[in-house]
Amino acid sequence: MTWYVFMRIVEIRTKIISMSTFALGTALAVVQGHGFDPLLFGLMLAATLLVDMGTTGFNTFFDYLRGVDAAEHNREADKVLVHNNVSPRLALVISSGLFAAAIVLGAIIAWLTSWWVAVIGAACMLVGYVYTGGPYPISATPVGEVFAGGFLGGVLFVLSFFVQAGFWDVSVILAAVPSTLLIAAILAVNNACDVTGDAASGRKTLAVLLLPRHHSLPIPVLYLGGILAGPLAALYGSLPWAAAAGIVVSLLPGAGLLRRMYVRGFAHETKGPNMGTVSQMFLLFSLCYLVGLGVSLLV
């Protein structure tokens, strides 16, 4: 196995999603004055990355196994199981190893904080597996986007906050809603572009159900909902107004990028550029949110 193959199996470029959520949850704990533990930060960072890479590896394996990633529908060069004759078993072994390493780190974090971390972490890993594995994969259902956003954007945010702060409450959940909806929007772009192959393989994603004219409708709904959730969380007192303002500011370039995707259209041929564009939108959102949290310390 080469480094190139490993990086493509775990789709390392997509890890900005989990890293953003982890950073934002941690930053909120610091901004609220709950301190910062460098050891817990490092352990949580590594565990998050391991679980995310392992989940993607399982996704790579099961999508190939079920024919979702098939040569007749897929043109992505990074799909090494499809285009490079890489053994699917390798993806399975890699993913299992990553999950095993995450279990070890999770146990250490739980020992240092609370065993609830182990319980929630185990639930996240189970969901990561059944998202594309098992007889009824979550990714093939109409709630796949929101479910993935809920764990990658909601549960991970709250867990990252909890590891540093030692508690969580409803206000932390509300602070996580913007990330939850933005991540769901990324999955909606992915599914809108994959709609032809998904329909052919029998998947019932929301995009497939909204064919033929409205398969891209969830994208602006989720994206704009995530932006609006920032000020609403600030009204409740869950977020500093500076952070909410940062989230809204990200809409200025984000709206143009959203329009660019619609001009381009949503099909497998435009998936690469569209995923790059929605990743830019998410990165802008994350940076503006993070900068806003930082500014709140100064005002």
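Here the Cβ of each residue, glycine as well, is placed from N, Cα and C on the backbone.
Nonlocal intrachain contacts for the transmembrane segment (39-65), taken as residues 6+ away from its ends with a CB within less than 8 angstroms of a stretch CB, comprise 9-12, 14-15, 17-19, 22, 26, 79, 81-82, 88, 91-92, 94-99, 101-102, 105-106, 108-109, 112-113, 121, 124-125, 128-129, 131-133, 137, 139, 152, 156, 160, 163-164. What TrEMBL records for 39-65 (among others) is transmembrane segment.
Annotated transmembrane segment per TrEMBL: 86-109 (among others), in sequence order.
TrEMBL lists 115-134 (among others) with the feature transmembrane segment.
What TrEMBL lists as transmembrane segment is 146-167 (among others). Within the chain carrying the transmembrane segment (146-167), a Cβ under 8 angstroms from the stretch's Cβ atoms is held by residues 17-18, 21-26, 28-30, 32, 34-37, 40-41, 44, 48, 52, 109, 113-114, 116-117, 120-121, 123-124, 127-128, 131, 138-139, 173, 175-177, 179-185, 187, 222, all 6 or more beyond its ends.
What TrEMBL lists as transmembrane segment is 173-193 (among others).
The transmembrane segment annotation in TrEMBL covers 214-233 (among others).
Among residues of the same chain six or more beyond the transmembrane segment (239-258), those with a C-beta under 8 A of the stretch's C-beta atoms are 28, 31, 174-175, 178, 219-220, 223-224, 226-227, 229-231, 233, 277-278, 280-281, 284-285, 287-293, 295-296, 299. Per TrEMBL, the feature transmembrane segment maps to 239-258 (among others).
Taking Cβ pairs closer than 8 Å, the transmembrane segment (278-298) reaches residues 13-14, 16-17, 20, 23-24, 27-28, 31, 178-179, 182-183, 185-186, 189, 219, 223, 226-227, 230, 240-247, 249-250, 253-254, 257-258, 261 in its own chain, all 6 or more past its ends. The annotation transmembrane segment is assigned in TrEMBL to 278-298 (among others).
Tertiary proximity for the transmembrane segment (173-193) is limited to same-chain residues at least six positions away from its ends with a CB under 8 Å from its CB atoms, namely 17, 20-21, 24-25, 28, 144-146, 148-150, 152-154, 157-158, 205-208, 215-216, 218-219, 222-223, 225-227, 229-230, 232-233, 236, 238-239, 247, 261, 266-268, 270-271, 274-275, 278-279, 281-282, 285-286, 289. Using a Cβ-Cβ cut-off under 8 Å and counting only residues 6 or more beyond its ends in the same chain, the transmembrane segment (214-233) has close neighbours at 145, 149, 171, 174-175, 177-182, 184-185, 188-189, 191-192, 195, 206-208, 239, 243-244, 246-248, 250-251, 254, 258, 261-262, 266, 278, 281, 285, 289.
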